[in-house]
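Student: Taken from Swiss-Prot, the feature domain 'ABC transmembrane type-1' covers 21-301, and the record attributes it to sequence analysis. Residues annotated as transmembrane segment in Swiss-Prot: 22-42, 57-77, 136-156, 158-178, 248-268, 272-292. The annotation domain 'ABC transporter' is assigned in Swiss-Prot to 335-569. The ATP binding site annotation in Swiss-Prot covers Gly368, Pro369, Thr370, Gly371, Ala372, Gly373, Lys374, Thr375, and the record cites sequence analysis as its basis.
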Amino acid sequence: MTLFQVYTRALRYLTVHKWRVAVVVIANVILAAITIAEPVLFGRIIDAISSGTNVTPILILWAGFGVFNTVAYVAVAREADRLAHGRRATLLTEAFGRIISMPLSWHHLRGTSNALHTLLRASETLFGLWLEFMRTHLATFVALVLLIPTAMAMDLRLSFVLIGLGIVYWFIGKWVMGRTKDGQASVEEHYHSVFAHVSDSISNVSVLHSYNRIEAETKALKSFTEKLLSAQYPVLDWWAFASALNRTASTVSMMIILVIGTVLVKNGELRVGDVIAFIGFANLLIGRLDQMRQFVTQIFEARAKLEDFFVLEDAVKEREEPGDARELSNVSGTVEFRNINFGFANTKQGVHDVSFTAKAGETVAIVGPTGAGKTTLINLLQRVYDPDSGQILIDGTDISTVTKNSLRNSIATVFQDAGLLNRSIRENIRLGRETATDAEVVEAAAAAAATDFIDSRINGYLTQVGERGNRLSGGERQRIAIARAILKNAPILVLDEATSALDVETEARVKAAVDALRKNRTTFIIAHRLSTVRDADLVLFLDQGRIIEKGTFDELTQRGGRFTSLLRTSGLLTEDEGQQPRPKAIAS
C-alpha cells in the first residue's frame, strides 16, 4: 500500500464521528489561517516603533489575538483528544469482537500472540494518526497553502527562498523514505518476534520453571531485542541525518532572507517591519515543514504496522456470515454427515468420505488411534472448520446455511482441556447460560459432583480459578466444565474425552450426571472409557480419517476387526470375544 492509501484507510475509521471530526478539523484550519496574521502584526509593531507612531492599538490587537488563539487551541485540542481516545476504545472493542469470532482454524494459522500484538500496535498507531489529523495535519497543509501566496504578495524575491526551502524538505524526505522502507518493515517483523517470544514464555511459565529454562529464555529474549535494535538503529540514523539536513537548509534559508532583506532595506525597497514579518513567515514555514516531515515519518512508520492490521481486518470480514444465513431453531438433534471430506493444509491429516447418521437422542462414540481424525470430526460439526466437500445436516438443515451463533447455541461441549477463564467459579459455570440464576448455577454444579470442592473453598462460588484454571486440580476444572454444559441444556452434547482428568471415584459420581444429561440429547463422545463405548447406540472406529468400522459395541466386538484388536491390545478383551472386558481405558 502507498502512504496515501494507508492514511486514507486509517481516516475512514473516523467516519462514525464525521460531524464532530469535521468541526474540530475546520476549527483547526481556521486557527492555522489566523496564525498567518501574527508575523504581519509583529512587522507593523516594529514599523510603528521605528517610525515613532502610537504602538498601543497594535499591541492590544496582538495581545487579544494571542489570548484568542490560546483559548481556541485548548478547546479544539480537548475535543480532538476525547474523540481520538474514544474511537481507540471502540476500535479495540470492535476489532476484538471480530477477531475472537473467527474460527479456531484461523487462530491456529494466525497465532494468538500475533493477532493480539497486531491489534494493540495498530490501535495505538491509529490513535496517533487520528489525533494528529484533527490537531495538525490538515491545518499544516492549509497553512502551507496560504503562507506562500501571502509571502509572495509581500515580496516575490524573498518568497522564492521559502519555495526553495519547501522543495529541499520534500526531496530529503523522499530520499530517506526510499532508504528506510525495507528497514522499517524489518523492524516491525522483529517487534512481532519479541512479542511472540514473551507471550509464549509467559503462557508456559510452569514448563520453564520445571526444566529450569528461565535464564535460557531470558537470553533468547535478549537476542531477539538485539536483532530488533540492529534493525532499528539504521532507520533512526537515516531520519536523524534527514533532520540535520533539514535544519541546515532552514538555517541557510534564514541567512539568505536576512542578507537579501538587508540589501532591500538599504535600497529603500522594503521596510524593516516587512523583513521582520518575512522572517516570521519563514519561521512559520519552517515549523509547518517540520510538522509535515514528522507527519510523513509517522505515516511511514505506521505503514508496516497498519498494513498487517488491514490484512487481518480484511481476512475477518471475508469470513463474516452472509446476510441470508438463517437461525437454527427447535432442534430435535438428528445429525447427518454426508460424504464429508476435509484436509489440513500441507499435511495428509483430515477426514475422508465420512458418512453416518445419528438420530435424535442417540449416543455416538468415536474411537480410534491418535491422529485418526476424531476431534476433527467434532470440530467440523461445530464449524470450527468448514468441510472441503460434503454436507453436515442437523434436522435436515445444512449447517453451512445457518448462523454460527444459533448452531453453537444448539451444542454443548465439554473439552478434554476444560478451558476456564480467569474469573470466578460462578462466572465460569454461567458461561453455559448467561441468564442463569445463582440457584441454577448451584444446581448444575451439584449435578456435576462439584459442590464438595466448591463449598470447601473460603469464597465458594466466588473463588477465582486463576489463568486457565491453574488454581484448581484437573478433576475440579473438568467438573466445572461439565456443570457448564449441564447449565447450557443444549439438544446436542459433545464430550471430548470429558472425564479423562477424573479419578475413578469422581468419575463414578460424574457418570450419573453425564448419563442424565445424555437423556433425550444427541451425544457425541470421543470415547476413552469402556463403559461409555458399551452404552453408545453407534460406535465409529476411525483410522487415518476414514470410518473403518461402524456399528454397536456388540456388533463390532463380534466382527473381530480393528475395533476388537484395539480392545485386545488395551487388555480390555480376551481371546474369548464374548467375555466381559475389564473396566479400563481405551487408548485414543
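Using the three backbone atoms N, Cα and C, a Cβ is placed for every residue, glycine included.
Quantities reported herein were computed from a predicted structural model and do not represent experimental measurements.
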Student: Return the residue, from the listed binding-site residues Thr370, Thr375, with the maximum count of other C-beta atoms within 10 angstroms of its C-beta.
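Tutor: Counting every other Cβ within 10 Å of each candidate, the maximum falls on Thr375.
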Student: Find the member of 22-42, 57-77, 136-156, 158-178 that has more C-beta pairs under 8 Å to the transmembrane segment (248-268) than any other listed stretch.
Tutor: 158-178
Student: Taking the Cβ of Lys374 (ATP binding site) as the centre, how many other Cβ atoms fall within a 10 Å radius?
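Tutor: By my count, 26.
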Student: Neighbour count, 10 Å Cβ-Cβ cut-off, for Gly368 (ATP binding site): what number do you get?
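Tutor: There are 27 of them.
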Student: Look over the recorded stretches 22-42, 57-77, 136-156, 158-178 and say which has the most C-beta pairs under 8 A to the transmembrane segment (272-292).
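Tutor: Selected stretch: 136-156, with the most Cβ pairs under 8 Å.
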Student: Would you call the transmembrane segment (22-42) and the transmembrane segment (158-178) in contact, using three or more Cβ pairs under 8 Å, pairs 6 or more apart in sequence?
Tutor: no
Student: Cβ under 8 Å, sequence separation of at least 6 from the ends of the transmembrane segment (158-178): give me the contacting residues as numbers and ranges.
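Tutor: Sequence-distant neighbours of the transmembrane segment (158-178): 144, 147-148, 151-152, 238-239, 241-242, 245-246, 249-250, 253, 256-257, 260-261, 278, 281-282, 285-286, 289, 292-293, 296-297, 300.
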Student: Please give me the CB contact count at 10 A for Ala372 (ATP binding site), counting all chains in the structure.
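Tutor: Here the count is 23.
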Student: Measure the Cβ-based neighbour count of Gly373 (ATP binding site), defined as the other Cβ atoms within 10 Å of its Cβ.
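Tutor: There are 23 of them.
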